[in-house]
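Undergrad: The structure that follows is given in the form of structure tokens.
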Ligand code: ACO
């Protein structure tokens, strides 16, 4: 049997911040944001909602979807760069609120590649038979580390969470191959500055992202013994539509095989891949035995990709 996703859920704050709202906050305009990034609006959590609240809501949906009980969960991993506080971890906070009494719990820091890192770490415990069910959450409240006076970054980010329960799935389904990587020498291009705001060298990150997303997507296909024609859906990290389009073209995929949620939610970092996956499933676009390629990149610099055959 393979290891795959047996339940999934997402949570997005209700408040919508549009490009037109941003026009009133910084020197920018809807046309610039849409054409350069593909973003039209993003969700922003209110002051009373912290990262763990968004994570908890997504986690509950994933556990329900999996048809298991919180007490069945062996481990919780939360990928985030915006925890409520440095410790206790968000994973411990939701462990208590879920009542996942026997679960080990930890946070994981790999920025926008965090959900890929979490999935692959979980896979190792399940493949070896050590654990049966692992909850992996990608969650961010990026609004709290966004400098709302800096137009270079304020227009890009949003809040949200996606969660998945991993467990055993039928032979031939689940994670087929993966690639994880990091290049610490690129840390200077994307980091939390001394004022606790996101600093980003957009052009450098853009170049890295286009190169790495393409390479990693191809690499996981080769490792899985698949070709580009086998891919049914590409679910890239939703940072910028131009980066996502470059990845799609590198895999020679038609437009309808690219998952797109960036226009609605902006860049939600570790949450963007699972949020997109849920949206495609709800829209009925992903069927059992479809081949999915998920690929993310982020601060660190980090990257991660997974080829997966969908289904339990
Ligand atoms: N509104 C209007 N003008 C703007 C804005 C804005 N919001 N932001 C920048 N500009 C201006 C710049 O000042 C610049 O003006 P200048 O030519 O007079 O200097 C001009 O627009 C062009 O700027 P560029 O940086 O060349 O724009 P580019 O086409 O590269 O797009 C962007 C910028 C969208 C940031 C792009 O570089 C990008 O998407 N980079 C990757 C970002 C990314 O993926 N980040 C992931 C972070 S994930 C994480 O870890 C949280």
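Backbone N, Cα and C define each Cβ position, glycine as well.
TrEMBL does not curate its annotations; it predicts them automatically.
Remember, predicted model here, so these are calculated numbers, not experimental data.
The active site annotation in TrEMBL covers 112, 237, 267. Under the heading domain 'Beta-ketoacyl-[acyl-carrier-protein] synthase III N-terminal', TrEMBL lists 106-184. Per TrEMBL, the feature domain 'Beta-ketoacyl-[acyl-carrier-protein] synthase III C-terminal' maps to 222-310. According to TrEMBL, the region 'ACP-binding' annotation covers 238-242.
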Undergrad: Counting by DSSP secondary structure, give me helix, strand and coil numbers for the domain 'Beta-ketoacyl-[acyl-carrier-protein] synthase III C-terminal' (222-310).
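TA: So the domain 'Beta-ketoacyl-[acyl-carrier-protein] synthase III C-terminal' (222-310) is made up of 36 helix, 22 strand, 31 coil.
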Undergrad: What is the interatomic distance between the Cα atoms of residue 112 (active site) and residue 267 (active site), given in whole Å?
TA: 9
Undergrad: In the domain 'Beta-ketoacyl-[acyl-carrier-protein] synthase III N-terminal' (106-184), how many residues does DSSP put in helix, strand and coil?
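TA: Residue counts for the domain 'Beta-ketoacyl-[acyl-carrier-protein] synthase III N-terminal' (106-184) by secondary structure: 26 helix, 32 strand, 21 coil.
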Undergrad: Report, in whole Å, the straight Cα-to-Cα distance of residue 237 (active site) from residue 267 (active site).
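TA: With distance taken Cα to Cα, residue 237 (active site) is 8 Å from residue 267 (active site).
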Undergrad: Show which residues of the chain containing residue 237 (active site), separated from it by at least 6 in sequence, have their CB under 8 Å from its CB.
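TA: Residues satisfying the criterion: 112, 113, 213, 267, 272, 273, 295, 296, 297, 298.
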